[in-house]
Amino acid sequence: MTDLTSLTIAEAREKLKAKDFSALELTDAYLSAIDAANGALNAYVALTPEKARDMAKASDERIASGSAGELEGVPLGVKDLFATRDVHTQACSHVLDGFKPKYESTVTQNLWDQGAVMLGKLNMDEFAMGSSNESSWYGPVINPWRANGSEQKLVPGGSSGGSAAAVAAHLCAGATATDTGGSIRQPAAFTGTVGIKPTYGRCSRFGIVAYASSLDQAGPIARDVRDAAILLKTMASVDAKDTTSVDLPVPDYEKAIGQSLKGLKIGIPREYRVDGMPEEIEKLWAKGVEWLRDAGAEVVDISLPHTKYALPAYYIVAPAEASSNLARYDGVRYGLRVDGKDIADMYEKSRAAGFGKEVQRRIMVGTYVLSAGYYDAYYLKAQKVRTLIKRDFENVFHEGVDAILAPITPSSAFAVGDEELASDPVKMYLQDVFTITVNMAGLPGLSVPAGLDGKGLPLGLQLIGKPFEEETLFKTAHAIEQAAGKFTPAKWW
C-alpha cells in the first residue's frame, strides 16, 4: 500500500471519498510519522493525538453518511500563532506559558467546519519575529533538506518554519501559516513547498496572535500549487470579528489550476536585481521567464522605483506596531508571571523573563520610533514610503501587467546558528529584501519551488499579483510547477 503520508491533499481527498482507507488510518499514519521525526526536526511544539483521532472518526462518519466537507479527514498542522480552543497557543514564547484559549481563530474554525483534522501546533519564530525559526522558546526547527554530502543542520526559514518543515517532511498534509514580511513565502522557498500570502483582508485575522496588524495575513503552506489553492479556498472568508476582513466572495481557486496563460502580461522588476545576488538565483529567475513565455505569457520589464526604501521602512512600521500589540503581555491574567516588589516591578520582571532577545529588540525599536521626538522623523516618514511603494505597484498594474515574477530569497537555506547572521541582526533582516514590499502594499504573493541550487537545496520564485486576484497567481505558479517539477527531501531523520 502507498505510504499514506506521501499523498497530496487532492489525492487523499479522492481516496477518502472512494473509501480506499479511512480518515482514522490517514491520521494514524501522520501521527506515527511525527513520532518518528519530531525529535530530529522539532517541527511540532504540541501534539493533539486524541483530538485528532476523535476528529478523524467524526470525518469517517460524515464520509459514510455522504455529508463530507471539502477537507474531510485531511490532517493539518497549525502554526502556534492561531488560537485553538483548549489547546496550547503560545506564539512559541515563554511569556505565554500555559496559555490555552477559550475560543478558536476564524481561519482554523473554517478548516474544522470543512472536516479537516488537527494534528497539533507547529513551531515558529517567537511572536512570528524572525527569518530562521531560531528565536522560538522551544528551540530551532531543523530543515528536512540537507546539502549534498553534508550533515550540517539548516534552518527552514521563518517565521513559519515549523509549518514549512512539517509539510516538506510529510508530517502533515498541509499547514496554516502567517506572513508579515515574508514568513510564508521564505520558508516555503527554503523547503521546496508552496506558500501563498493572500491579499490583506482575504483571510480573517481574528484569533491570530498579532505582530504588526496592518501587515499580518494568514495563508497556507502546501506540497503543491493545487493543494495551496484547496486550502486557501477554505481558510478565506469574510468575518465580522475582523474589521479589516474584506466582504468579497471567495472564488474556487482550484479551478484556476491548468488555465492558459495566453494573453497574460508578466512584469520583471529591474530593482530586484540587487548587488551581490547569487548567480544561481539570477539564472533561475531567467529560467522562470522562459517557462512563462513558453506557456504563452508576454513578459515585460517594469520599474518599482521605491523598492530600495522598503526594508528600512518595514523595520520601522512593523516594530512600531509590535511594540503596541505586545504591550498587553504583562503577567497579570495569563502566561508567565514573575513576582516583584510591586505591580510595576512584576510587569518589568515578567516581560524581561518572558520575551526573547529578538522580540525585546523589536519592541525597543518600535517604542523608540513612536516616541515623541522621533515619531515624525521615523514612523511618519516610513508610512509615506509605504504609500509610495503601494503606488509603484498600482502604476505597473494600471499599465496592464497582470502579475510580477521575482526572486523570493537571496540564497538557499543557511546553517542553524550561522555566526555572521546571529551577530548582525541587519544581515538577518536582509533575508526579507524580496518579500516585504508585498506586505507593505497589501498584495498577494506566492512562492513556488523552481529548482535546486548547486548544493542540492531548493530555491523558489515569487509571483506577486493584483489585490484579490489570487487565481492569476495560482494558474501562473502551476505553469512554473509543470516546468520545474516537484521537490521532496531525501529522508535522513
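From the backbone N, Cα and C atoms, a Cβ is placed for every residue, glycine too.
Feature annotations, reproduced from Swiss-Prot:
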{"type": "ACT_SITE", "residues": "Lys79", "note": "active site, charge relay system"}
{"type": "ACT_SITE", "residues": "Ser159", "note": "active site, charge relay system"}
{"type": "ACT_SITE", "residues": "Ser183", "note": "active site, acyl-ester intermediate"}
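The residue listed as 'active site, acyl-ester intermediate' sits 5 Å from Ser159 (active site, charge relay system), taking the CA atoms of both as reference points. The CA atom of Lys79 (active site, charge relay system) is located 10 Å away from the CA atom of Ser159 (active site, charge relay system). Listed in sequence order, Met124, Asp125, Ala128, Met129, Gly130, Ser131, Asn133, Thr178, Thr180, Ser183, Pro187 are the same-chain residues at least 6 apart in sequence whose CB falls under 8 Å from the CB of Ser159 (active site, charge relay system).
Within 10 Å of the C-beta atom of Ser183 (active site, acyl-ester intermediate) sit 37 other C-beta atoms, taking all shown protein chains into account.
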